[in-house]
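For reference, the structure is listed below as structure tokens.
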Amino acid sequence: MAGILAWFWNERFWLPHNVTWADLQSTEEASFPQAEDLYLAFPLAFCIFMIRLLFERFIAKPCALGLKVQANGPQKAQPNAILEKVFTAITKHPDEKRLEGLSKQLDWDVRSIQRWFRQRRNQEKPSTLTKFCESMWRFTFYLYIFTYGVRFLKKTPWLWNTRQCWNGYPYQPLMPDLHYYYIAELSFYWSLMFSQFIDIKRKDFGIMFTHHIVTVTLITFSYVTNLTRVGTLTLCLHDAADVVLEAAKMANYCKCQKLSDLLFLTFAIVFIVSRLGIYPLWILNTTLFELYEALGNFPALWVFNVLLVVLQILHYFWSYLIIKAAYKAISKGKVTKDDRSDIESSSDEEETVPRSKTLHSTITTNGTGGANGTNGYLTGSTCSEEH
């Protein structure tokens, strides 16, 4: 194991030429980031998760009830042993052939069977109250950490001149405020990594899980190699849009449609400006060009830049979806239904169901507007009933 660790943390890979790990050991005169510091993130992640549970139970829930957020979940499907067996053992999304077979077996029309399956799927979805509490927790944390980051960064020279990120690197002492900022962010993202498996499930689960892995990897390696100055800029920049997004989602759950739409459009502007404008021109410019000019080339530089470019690719993907949703909001006068909604509207399926034995009139309904996104990001149209 010692040999594997020594190989992995090879100085020639992670550090500039003529720099060793011994040079970055903390002394009485100066403190530098140490890999052991990151172990603290695991118990803190657990503490953050426990604080979240208490916050949602004793703060967010009373606020939601005071705002008259719907506490009941979706309508339950009527008990039916045959359909329940198909749902649990075979498929939650029966095809046309299976629907026709069940229709003959139960003497139900196809539309009624499809409605039953839709209601049964929705039974497993969280209530609006649960979704509000989750969003309020994330809003509170993002607002706190973003405010802390802004207050910290406005006192630093590298906020105003990114070349200062590399001035004196890697012999840049670790400031207590920077250490706290990094550990708090890392602990929060570790808590998201674990809680994502029990949180509200969304269709972009895989994309968001990839995002969390990239984020945790960047935070970890940038801390160990003392690339923390540019790391603080990246963290603060990403937190800005998340605050507005969670506020938009809460407004949607409170059925404040106009406020929700306004906040979503504000989020769209902040997201696109920060992720497609400031991020590449500010962050990528300094890591791809200014860092190279100041320190030359070393292998770890490529690792960090590849991960940062992966984030930028995700930014382009989410920005496309946001622009698409914003266009629909402007053209139709409201933010439309989210493609990854976890509460299915009747129009989702009933407009395309097979004809049943009994004639039914065509049913069309409008999607419910609202806020959309996971840990701060979107897939599909934005504000909807899905969370």
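Here the Cβ of each residue, glycine as well, is placed from N, Cα and C on the backbone.
Mean pLDDT across the DNA-binding region (85-128) comes to 90 in this model. According to TrEMBL, the feature DNA-binding region maps to 85-128.
Each residue of the domain 'Homeobox' (83-127) gets a DSSP state, and the totals for helix, strand and coil are 32 helix, 0 strand, 13 coil. The feature domain 'Homeobox' is assigned by TrEMBL to 83-127.
Annotated domain 'TLC' per TrEMBL: 130-331, in sequence order.
What TrEMBL lists as region 'Disordered' is 339-387.
The transmembrane segment feature in TrEMBL is assigned to 38-55 (among others).
Annotation source TrEMBL lists transmembrane segment at 179-198 (among others).
If you look up TrEMBL, you'll see 262-282 (among others) marked as transmembrane segment.
Per TrEMBL, the feature transmembrane segment maps to 302-323 (among others).
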